[in-house]
Amino acid sequence: MLIQRGGLKVVAGLGISGVSAVNFLHEQGYQVAVTDSRPTPPGHDQIPAGVKTSFGQLDQELLLQAEEIILSPGLAPQLPEIQAAIAKGISVVGDIQLLRRATDVPIVAITGSNAKSTVTTLIGLMAKDAGKKVAVGGNLGRPALDLLKDQPELLVLELSSFQLETTSHLNAEVAVVLNMSEDHLDRHGNMLGYHQAKHRIFQGAKKVVFNRDDALSRPLVPDTTPMQSFGLNAPDLNQYGVLRDADGTLWLACGLQRLIKSSDLYIQGMHNVANALACLALGEAIGLPMESMLETLKQFKGLEHRCEYVKTVHDVRYYNDSKGTNVGATLAAIDGLGAAIEVKKGKVALILGGQGKGQDFSPLRSSIEKYAKVVVLIGEDAPVIEQAIQGATKILHAATLKEAVELCQRETQAEDVVLLSPACASFDMFKSYNDRGQQFVACVNSLV
């Protein structure tokens, strides 16, 4: 272990990663305390005896006694209690920083506004299928520090901008920002703040992967850092992209080498082609054999609530993209499915709405105009979205998700698709995006 024993470590904010940090530090023999503004925060019953707890408010006095504060990703460093500690010279880090100090196991680090979970899961499976002892987690599934219990030879981490804010010099084996679109501006203030947080992933990276189609994903790293790119265009030598045959067949390719037809993948839509290419680039960077990666890719069926195929009813296919909680994700889903069904004159019936998080919805206009026959609006920010897309296509309103699904069924015909991709958070009407997705699936299954 490379970790140093020292003074009091105060974990601010419980939840999954907070509990994980408390237990990890306690096991390492540190003096640990924890504070949370909630009177009974989730995980409060999983705190070891001997750890001081202060719940009901962020305990300013306790924070100022800390040698170091471990900030949970749900809490902003801008909070006055945290700023007071920073002003006193107290170090503020997150669980990812603790992980980096505790191990020198190579890390594949993945962030982006969208597709993080799909890419993280897929590259994890590719590594496992190639015989690596890999542990996958971070912002997805298991908290990062818990992964060390597996004694892995490789860590694959999905990282959010909130986690990266408190991480420096991650020194990843390979790092990628998959894409950048407006999200969490309520936390980061503006696009620049969000961009800066995301790009912390590249600090000390040995290799980097970037998206040629998204200039904001390209890192500023030393010229000596090996760089690999992916994009939905013809690739240069040794880069990843797509090649089209004269008959329209689309191939995933590396340089001029055709690797696999897009039609051979379970995961459909151009956004998923980009995800697959990103994984191939990441896999190459950590030395995974191409043949093994392509085999994994052929078997991969995608993730729940992420452009997940639900059912076909009267020749209309229904897709659950409840994880589409921002404009960029929804654009990828509309464009991906819209382009795929356009050949057969199919159109998209789109369910949009929820809590908009201060986003600008106008970038949806042109794709809605091109691919959507109807948009059904739900939730708190329906009026904001309506204003942004007015005139692009037919707009309807629904008070419930069930009503929205029924309206879509009424408006569609054979070869069309119904897509739930709300571009919004779910908490106005649902417990979570999972809950929203499950309710959508139940509504679709009850259609006749």
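Numbers here mean position along the shown chain, with the first residue as 1.
Using the three backbone atoms N, Cα and C, a Cβ is placed for every residue, glycine included.
Counting every protein chain shown, the Cβ of N114 (ATP binding site) has 27 other Cβ atoms within 10 Å. What Swiss-Prot records for G112, S113, N114, A115, K116, S117, T118 is ATP binding site.
Other Cβ atoms within 10 Å of the Cβ of A115 (ATP binding site), summed over all protein chains shown, number 25. The residues near the ATP site, meaning same-chain residues not in G112, S113, N114, A115, K116, S117, T118 whose C-beta sits within 8 angstroms of the mean position of the site's C-beta atoms, are I110, V119, L178, N179, N275, A329, in sequence order.
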